[in-house]
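Sequence annotations record features per position, and here Swiss-Prot assigns disulfide bond to CYS28-CYS51, CYS32-CYS53, CYS37-CYS54, CYS43-CYS57, CYS65-CYS83, CYS77-CYS99. The domain 'IGFBP N-terminal' annotation in Swiss-Prot covers 24-102 and rests on sequence analysis. Swiss-Prot lists SER156 with the feature O-linked glycosylation site, giving experimental evidence as the kind of evidence. As annotated by Swiss-Prot, signal peptide applies to 1-19.
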Amino acid sequence: MKSVLLLTTLLVPAHLVAAWSNNYAVDCPQHCDSSECKSSPRCKRTVLDDCGCCRVCAAGRGETCYRTVSGMDGMKCGPGLRCQPSNGEDPFGEEFGICKDCPYGTFGMDCRETCNCQSGICDRGTGKCLKFPFFQYSVTKSSNRFVSLTEHDMASGDGNIVREEVVKENAAGSPVMRKWLNPR
């Protein structure tokens, strides 16, 4: 009798683990039927429920989310966001979190996808590669423009090279250049 009880105790958790998916879906139908879904929600963003059948409202950045609740509006984070646990519980004892942006280099639902862009920066929702033209050098400009010609050349901050001779000439004629303020 003890062996039957022990076997039952060991098999029940194994059965429950097999029933739960990575998405924590509960009571999912064998086949999705869109007629079983609630009417289409009117919200800013929607995501598929944990079963992958029906669209539900998604929580936005900074809003409360639940990782283990399925089929309820506003409980899952939208694309490009993930549910960051906040070590708190609601009145029912369910753990909740706050929707936060995906870390750089990841995108999609729950930030599961990896960005394959050359720059490593992609849209957190879609994964589309982002380009920042103000960080890219123009191809038509001379490549030696950004190289210092001598070891005493300086930069003025506007992309122009300031030679040591020019600084010495300005310092000799300008009384302002002779007086330096002590740093605080």
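Placement of Cβ uses the backbone N, Cα and C atoms for every residue, glycine included.
Note that the structure is predicted; figures quoted are calculated from it, not measured.
Residues belonging to the domain 'IGFBP N-terminal' (24-102) score a mean pLDDT of 79 in the model. In terms of Cα distance, the disulfide-bonded residues that sit within 10 Å of CYS32 (disulfide bond) are CYS54, chosen from CYS43, CYS54, CYS57, CYS83, CYS99. When Cβ neighbours within 10 Å are tallied across all protein chains shown, the highest count among the disulfide-bonded residues CYS32, CYS65, CYS77 belongs to CYS77. Under 8 Å, Cβ to Cβ, and six or more positions away along its own chain, CYS37 (disulfide bond) finds CYS53, CYS54, ARG55. DSSP assigns CYS83 (disulfide bond) to a strand. Distance noted between the C-alpha atoms of CYS43 (disulfide bond) and CYS65 (disulfide bond) is 16 Å. Here the candidates are the disulfide-bonded residues CYS28, CYS51, CYS77. The one whose C-alpha lies nearest to that of CYS57 (disulfide bond) is CYS77. Using a 10 Å Cβ-Cβ cutoff, CYS99 (disulfide bond) registers 20 neighbours. Proximity to CYS83 (disulfide bond), defined by a C-alpha to C-alpha distance within 10 angstroms, is shown by the following disulfide-bonded residues from CYS28, CYS51, CYS77, CYS99: CYS77, CYS99. The separation of CYS65 (disulfide bond) from CYS99 (disulfide bond), Cα to Cα, is 6 Å.
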